[in-house]
Amino acid sequence: WFWNERFWLPHNVTWADLQSTEEAAFPQAEDLYLAFPLAFCIFMIRLLFEREFIAKPCALGLKVQANGPQKAQPNAILEKVFTAITKHPDEKRLEGLSKQLDWDVRSIQRWFRQRRNQEKPSTLRKFCESMWRFTFYLYIFTYGVRFLKKTPWLWNTRQCWNGYPYQPLMPDLHYYYIVELSFYWSLMFSQFIDVKRKDFGIMFTHHIVTVTLITFSYVTNLTRVGTLILCLHDAADIVLEAAKMANYCKCQKLSDLLFLTFAIVFIVSRLGIYPLWILNTTLFELYEALGNFPALWVFNVLLMVLQILHCFWSYLIIKAAYKAISKGKVAKDARSDVESSSDEEETVPRSQAPHSTIATNGTSGANGTNGYLTGGTCSEEH
C-alpha cells in the first residue's frame with residue numbers, strides 16, 4: 001500500500017515502466033541505502049578534517065583561541081544544584097544557598113554564570129566546525145554549478161518536466177544526489193554532538209524536511225528540479241561559514257562584510273529566486289505538464305514548509321541588518337552559534353561591552369544551511 005502507484009506516479013505510469021534497463025537507468029528506491037554508509041564515511045572524514053589534519057592546524061596557525069571559558073571553582077553543593085535541580089536558580093534559592101555556604105548572593109550568581117559558560121565549546125572547536133561546513137558547501141556548490149550549466153533545465157525550468165517521468169538518471173546527477181543526501185544524514189546525527197544552539201528544534205525540523213525532500217524527489221524522479229533546489233541553497237551557506245570563520249579569527253571588518261554579503265545572497269536566493277523560479281515551476285509548470293497526482297502535492301507542501309523557514313530566518317537577518325546599519329556595526333546572531341547553554345547575563349555593563357559579532361550556521365536546505373540572526377550590541381558569547 002505504501003508504494004501505491006496512484007499516489008507516487010502520474011496516471012498510466014507504473015513502477016515497472018521505471019525499472020532500469022541496459023538502455024536507460026532510472027532512480028531506484030534501493031539506491032538511497034548507499035547514503036547511510038556514505039554518511040558514516042563523511043562523518044569520519046569530518047572528524048579527521050576538524051581534529052587532526054586540516055582545520056585544527058589552520059585554526060592554530062591563525063591564532064584562534066583554543067581555551068574555553070573560565071571554569072567555576074569546585075563546589076559540591078552548587079554542583080549538585082546545577083546538575084540535578086536548575087542551572088538558573090531563582091532569588092529564593094539563591095538566598096538559601098547564600099545562608100548554607102556563607103557566600104554572598106552575587107558570588108553564587110557569578111559561580112552559576114561561570115558554570116553555565118563552562119559548558120560552552122571553545123572558539124577553536126567552533127572554527128573547525130565552520131571550516132568543515134565551508135569546505136563541503138564550497139565543493140558541492142562548485143560541483144553543482146559545473147553540472148547544471150551543461151543542462152537545459154538550468155535556463156528553462158519547463159525542461160524539468162519534458163519527458164517526465166521517463167528521464168534517464170545521469171551518473172553525475174546520481175552522485176550529486178547521493179552525496180547531498182549523505183551529508184544531511186550526517187548532519188541529522190551529528191547535530192546531537194555539535195555545538196548546541198537555541199534553535200535546535202527548528203534546525204532539526206529543517207534537516208528532516210531536507211532529507212525527506214531529497215528522498216521523495218529521488219524516488220519520484222523529480223531530480224531535475226531537485227538539483228536546482230540543492231544548488232540554490234548551498235550558495236548562501238558558503239558565505240555564511242566564511243563569515244563565521246572570519247569572526248572567530250577576530251577579523252571584524254571582513255566578518256561584517258561577509259555577513260552583509262551573506263544577508264544579500266540569502267534574501268535574494270530564498271525570498272526571490274526560490275519562490276519565483278522553483279515554486280513557480282513546481283506549482284504551475286509541473287501541473288500544466290503532468291496534471292494532478294497526490295505525490296505532487298506532498299512535494300509542494302514540503303517545499304512550502306521550507307519557504308516558511310526561509311521567511312522566518314530572513315526576518316531575523318533583516319532585523320540584524322537594520323541594527324547593523326543604524327548602529328554602524330553588525331549585530332550578533334541569535335540563531336546559530338549561541339548555544340542552548342549560553343548565558344544571558346553579562347559580566348560587564350552593556351555600555352562597556354566589546355564590539356558585537358556575528359556567527360551563524362546555515363544549511364540548506366539547504367541547507368543549510370542553514371541560519372540566522374537577531375541583533376543587539378551585547379557582550380561576546382561565542
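Any Cβ shown, glycine's included, is placed from N, Cα and C.
Automated prediction, rather than curation, is the source of TrEMBL annotations.
A mean pLDDT of 82 is what the model gives for the DNA-binding region (80-123). Taken from TrEMBL, the feature DNA-binding region covers 80-123.
The feature compositional bias 'Low complexity' is assigned by TrEMBL to 357-371.
Taken from TrEMBL, the feature domain 'Homeobox' applies to 78-122.
The domain 'TLC' feature in TrEMBL is assigned to 125-326.
Residues or ranges marked as region 'Disordered' by TrEMBL: 336-382.
What TrEMBL records for 32-49 (among others) is transmembrane segment.
Feature annotation from TrEMBL assigns transmembrane segment to 174-193 (among others). Within its own chain, the transmembrane segment (174-193) has Cβ neighbours under 8 Å at 25, 27, 31-32, 34-36, 38-43, 46, 136, 140, 143-144, 147, 200, 203-204, 207-208, 210-211, 214-215, 218, 223, 226-227, 230, 363-364, 366-368, counting only residues six or more beyond its boundaries.
Summarising the annotation, TrEMBL assigns transmembrane segment to 200-219 (among others).
Summarising the annotation, TrEMBL assigns transmembrane segment to 257-277 (among others).
Residues annotated as transmembrane segment in TrEMBL: 297-318 (among others).
Within the domain 'Homeobox' (78-122), the DSSP-based counts of helix, strand and coil residues read 32 helix, 0 strand, 13 coil. Outside the transmembrane segment (32-49) by six or more residues, the chain places 55, 131-132, 135, 178-179, 181-183, 185-186, 189-190, 215, 218-219 with a CB less than 8 A from a CB of the stretch.
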